[in-house]
Each structure stands twice: as C-alpha cells, then as structure tokens.
C-alpha cells in the first residue's frame, strides 16, 4: 500500500511537471504568436508604405517622362533656333561686308567730292584773278545815266566816277574806296565789288578755312546781324564753359596732385625686414652701482649730500621725453649737490648704472630657434634712455652702417647674405611662436631707486615695434608688468608704400614727402620723419640750453652733453618740445601766443617710401614652466602671411592733364593741336602774301632804289 501511494505521488509529481512544462510551452507559444501578430502588423504597415512609395515613384516617373518629352521638344526647337542663328550670323557677316564696301565707296566719294570742291574753289579764284588782271573796258560817260551799283540817277550833285579796275561808272558813295592795283604803284579809286575782290586777292581770308566751331558763321558775308550775334554768344558761352572746366581740372591737379592705391594685397613677407623691437626697463638706474659711481665725486657719508644725491637719481630716472618737467621737484630738492655733480659725464654714468642685457633677458627664440638674447638685442639710444633693440639699424652696434643711407624703400634692403655689415632679419611665416619670443627677468627690488613716498613707476618693461631704420618713439608701445607668467602677445600687420618716379618731379609741397636722397640728418645715416622730429627737438635744446641729452650723440659730436646743472633747462622747456606748430598759420584754433611757443619742425615730412607695422596687443597668462620662471613673456609675430603694398602716384600727369584740356577744348570749341598748326600756317601765309603784294605794288620804287644806274 505504501509503495502504491509512493508510486502515485511520483506519478502525480511527474504529471505536475509535465503540466508545468506544457503551460510554459503554451505561454511561449502565446508570446510567439503575439510577436508574430505584431510583426505581421508591422509588415502590413511597411507593405502599405512600400505601396504608397511605389505609387509615388510611378507618379514621379510619369512626370519625368512628361518632362523628358517636353525637353526633347524644346531641344528640337533649340536646334531649329540654332540653325536660324547660324543663318542670321552668316547674313550679318555678309551685311557687314556690304556695309564696309559701301563705307569705302562713301569715303572715296567723299574724297572725290572734297577734291571737286577744292578744284571748284581754285577755279573760282582763277576766274576772279583773271577778271582782276584783265584789262578793264572803259565805259563812256555819255552812255551811262545811272550808277552801276545803286542805280541812282546822276545829276549836278551826284557826279560820275570811273572804277579804275573794272571801268564801270559809279556814284561817289559806291566808289569811295582806294586800293593799289597790280599795274599801279599808288592807291586809286575802285568800286565796292572790286575793292572786296582785290582785298580777297591781297589778303588771306583765314576765317573761311578756320576749323574752330562756329567762327565761319560769325564772319560769313551773307549772315545777318542777329545770326552773327547768336553765333558769337554761343561761341562765347562755349569758351566760358571750357574755361571753367579747365580751371576745375587745374585746381584738382594742384589740390590733390597725388593719389595712393592698393597695388598688392599679398606681398611676400620676405620682401621686407622683420620690424625692430625695443625693450625698455622702467627701472633706468641700479641704485648700488649709482652710489658707487657718484661716490667718486661727492661724500655720500654726509646725510644731506646723500639725500641730495637720492633726489638727483630720482630726477635722472624720470629723464625722458615727453616728461622732462617731472624732474623739476627732485632737481629743486637736490640743491647744491647738482653743482658738485657737474663734472659727472651723464652719458657714461647712465651706461654704467643701466641694467645690462643679462639682467633683463632670460631666454630668446627667433623663428623657433633658441638664441643668446644678447646676440639678438643691442643697446639702443632713445628719448626714453638706454634700451635694447632687436633688428634695429639705429642701435649702438650698427653705428657704422653707412651703407643704409637709402633705406627708404623695402626693395632696397639687401638680404643678410649680401650685406653682412648690416644684417636684417626676415621672416616668412605667420602665427604664434613663428617670430620673436622673449622671456624676461625680474629687476632686483632691493636695488631700485626709492623716494620718500615709495618707488618710481611700476616695475616692468615697455615694448615697442618700429621701423628698422628709425629710432623708437618715447612713451609709445605696451607696458608688460614684471610678474610671473604674464604674456604680452603682439600681432603685426605690415604695409609698404612706394612712390613712382613721376612723384619726384612734383614740388615737395605738393607731394608732401621726401625721397631717400633728398634729405639728410645728423643723428642718423637714413632719413625718416620720426628721426627728423627727434633731431628738431635736439636742435631746439642746443639753441636754448646749449647742450644735448645724455642719451643722444650727434654724428658730428659738436654739441656737448648736458651736465647736472643743465638738465633743469631741459625740464623748463618741456612744453616747447611736445607740440609742433601747424604748417600754415591760417589754421584756426591756435592763438598767436601759442604759435610763438610751438616748435617749428615743418621741414620734417614723411618719406615717399615707407614701411608701417600696425600692431594689435593682448595679455594672457602662460602656464609653461619656462614662462613661470620668467617675469614677463613676449610673443611677437606676423598676423598674416602677406603684407599690403600701396603705390603713390600722380593723380594727373602732364600728359593726362594735356589730354583733359584737349578733350574739353575739342568738346566745346573743336580746338586741337592742328588748330595751332593751322594758325601758324595761315599767319606765315598771310605775312608772305602781304610781302609779295607789297613788292609787286612797289616794284618800280624798289628798282629805282636798288638799281639806279640800270638803263
């Protein structure tokens, strides 16, 4: 019994498992059926979409077939039009040939007509000459009772007079003319008609053949007074209009004789040198070195003298254009120390106490290559003091570069391989780190000049981009503070302006620029406007103070350097060195007193060939290790891989001006150069003709004078 129950339980469990398996299989079948149903619905949707797509494609195909049929029809029409166009071209060509033939025929007919007209004119002149030269038929007085011209009857008061040329009888009013005949040597009475005929024979009638418009209508014999007045007014109006336009063109030529136009927007960078870069430390003097130098002249152990020396050093630290006047308070506090320091050579003093190249520069890179900074940068004299410049021809080591006297044009710069005496660095790339990279050092704070308040200026460096043959301009450029990781990015956009040789022939006041060989300076071997202004200021200081600042040496070295007692004179005349007088006193906005105090540097004009380097600056923070070790980073590079080239040329050359005047004169008056030739021709012909007539009329008298003994 127990076994039967056990078997029954096992069978029950087996049936239960089968039931569970069957239910699970049934569930899976339901799921699969559901999935199949969904797939069927999805496929039905896709099938429907495909049917719709098929219908759309069939519709599109039908439309394309219709378009194709239309295109074929249009193509056939175009072929017909093309064939007609070819036929029309051939017909046009034939018509042009016929037109040319007809034009040639017209020209031949015109030439023949001109010849016929000329022959007719000659024939009339010959007939007139024959009539004049033919013997007159003397009319009998008894046969004539009326005047042959006015038909008035003769009487006791209106008497008869014979014309000595034609022989007819006229009244006194119609024969009141006297003219010498070819057969006589004195003037005799002739009628009005014969007088005009003889006058045409003896005188060349120029207006008849004049080519100027309207003249022939003014002098035409049969013209009425109104006609002549109208034509004269028209000619006068045309002459006035032509004169006004000619005056306008001349004024335009005088007011703007030159124009500047873009010649090339992508001039290769290697065509011009990389600009000069100056780096000026805001700390001009190292205090300890200054004390050591000045201790040779004064006793620094004396507190009063030491205080006066400190004020003197503060003044020297501010000794720069255009801020000379800021030295005055310190110079006044220096007192008697200035007299004790009068023997100090300020140029040598500043050379000794100025920060050296190794104290300013940490690392330098040029076109990606590492260089010793002191090989790239040289000491530079500026109106800001002693600085350091890269690629400058006016820096201290390039004083011997006399060969660069004609540096006015970018094309005249020689590559470094051809001029080792004055090398100029060039670049062909653009973008960050492609030009000059400079990593700067920090100035020793303990060695700075300190006044009673705090310190002089912000510690840092002033960076300026300028032309290689010029001096840096004081007070310009960007200031980078002496701080770790501070980066000054300067992008350069160069442009070049050249002038044609036609400009050279203009007056300097018209072109307002100098060519390189037209002006020279005493502080530089090459001329530039900035250098000229510097020399103008130096000449003014030479005149009023009889000395020059320590940082400039004239090439002739004829002017002494200002000593400690004379630098106050420079500070007192600071305002005279900042402003320049305008080129014309007629410019408004200036008082007479202002004009008298302004510096006259009107001779300092720009150069006709010049290179300009426009810059954009921006500051950032560099996290590279080398930048973090440096107190200021400079990244100077070209913005684009090409420069802009401008060309300055004359607005109107003399040929252009002559063409303009000739066009105006031809438009309004019909005047040309041939009119001048025509005038000369007729003048000569008139003179010769009058001389010939005079000889003919006075041949008997001349024979008696020159041949008195001839029988």
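All residue numbers here begin at 1 and follow the chain in the order shown.
Backbone N, Cα and C atoms are what each Cβ position is placed from, and that goes for glycine too.
Unlike curated records, TrEMBL annotations are generated automatically.
Remember, it's a predicted structure, so these values are computed and weren't measured experimentally.
Residues or ranges marked as coiled coil in TrEMBL: 5-112. The average pLDDT computed over the coiled coil (5-112) stands at 84.
Per-class residue totals from DSSP over the domain 'FYVE-type' (141-199), listed helix then strand then coil: 14 helix, 14 strand, 31 coil. Residues or ranges marked as domain 'FYVE-type' in TrEMBL: 141-199.
With a threshold of 8 Å between CB atoms, the same-chain residues lying at least 6 positions outside the transmembrane segment (229-250) that come near it are 213-215, 217-218, 223, 652, 657, 660-661, 664-665, 667-669. Taken from TrEMBL, the feature transmembrane segment applies to 229-250 (among others).
The transmembrane segment annotation in TrEMBL covers 657-684 (among others).
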